[in-house]
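Please read the structure below before turning to the comments.
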Amino acid sequence: MSTPLQGIKVLDFTGVQSGPSCTQMLAWFGADVIKIERPSVGDVTRHQLRDIPDIDALYFTMLNSNKRSIELNTKTAEGKEVMEKLIREADILVENFHPGAIDHMGFTWEHIQEINPRLIFGSIKGFDECSPYVNVKAYENVAQAAGGAASTTGFWDGPPLVSAAALGDSNTGMHLLIGLLAALLHREKTGRGQRVTMSMQDAVLNLCRVKLRDQQRLDKLGYLEEYPQYPNGTFGDAVPRGGNAGGGGQPGWILKCKGWETDPNAYIYFTIQEQNWENTCKAIGKPEWITDPAYSTAHARQPHIFDIFAEIEKYTVTIDKHEAVAYLTQFDIPCAPVLSMKEISLDPSLRQSGSVVEVEQPLRGKYLTVGCPMKFSAFTPDIKAAPLLGEHTAAVLQELGYSDDEIAAMKQNHAI
């Protein structure tokens, strides 16, 4: 089966999550992704949060499927020679080292262009070069804090909160992926590669654009009507935290369902749509609200919004969350059960769609991983296991023209 990136070679000089999430997607699209790792050590996530002693951790295996792994010591002359040959044949190189790290290896962008002017160089950093935080080490939650997500997440009477979703890491990888694919198309027109940089702060900010929208509205109005603080609370000079409110002009909230006392996920998310208010009133047994001036418009409802959700919860708390969603869907009400990761891992529909995939690695055995979120009509990504450390070192070196004796010598010299 033909794949979109068949024939594209990618050098994966990344670790942890932001870079590997990008290169894994390239591999799913058919690129030959060669993960370059330190001899005997490898990506740090191979060893982090292990559930089986001395076996690659799920942290690694779920971010590096479909790749090949080589061990290469770029501090040695032989290692640098191999790296230069790899660059000469590659289409894309991706790195997410601390600023300046790859330059210190001797592979500046200028030098890379001399070796291979068609190469696309993807780079992930915590902050843009013009940021005062450019030299700050960035991880997931650092990016969420600096990108506007933490300050706008949580409840108004509590501290900023970070999201469990990887807004700083995997989200940055997906943003870089888009840039790399655009650069590939641009190369078709110009014949030349280019550098594509992605900061984690920018990636988080791109998902917080509605909060930047709200900041400008707040500056002009002094209040934000769709936030729970309106009309009885107070607004400061920055966008506040809104709890579980919808934030998009459609009020929403998390509501309890039957069993909430013992099940931490016995909840649904319920959204009130202006155009569907009549159906909402019918669904919750409050038809009188349809014509009541105190409830008939979104503006009129906002002062009573918590009373409205409390009334809806009187119904939802009596039934199972799945029953609640099934019932409310009949009235075209946007809602969903709060699904635990246990429920997601066992959901047969997610297995059928390929969103959750079971793969097998030689030492670990079978494990679940997240599959490709995009569904294509012309091809289906074949999700394979992550590589063992250095599993493909010899094969890749042979492809570069090295003999068995030369490979053995490099091993002896600790270059591989």
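Placement of Cβ uses the backbone N, Cα and C atoms for every residue, glycine included.
Since we're looking at a predicted model, the values are computed, not measured.
The active site, nucleophile annotation in Swiss-Prot covers D169. If you look up Swiss-Prot, you'll see 17-18, R38, 72-75, 96-98, H104, 137-140, 273-275 marked as CoA binding site. The substrate binding site feature in Swiss-Prot is assigned to G248, G249, Q250.
Sequence-distant contacts of the residue listed as 'active site, nucleophile', defined as residues of its own chain at least six apart whose C-beta falls under 8 angstroms from its C-beta, comprise V16, Q17, S18, S21, Y139, E140, A143, M200. Sequence-distant contacts of G249 (substrate binding site), defined as residues of its own chain at least six apart whose C-beta falls under 8 angstroms from its C-beta, comprise E226, A298. According to its DSSP assignment, D169 (active site, nucleophile) is coil. The binding-site residues considered are Q17, L72, H98; of these, H98 has the fewest other C-beta atoms within 10 angstroms of its C-beta.
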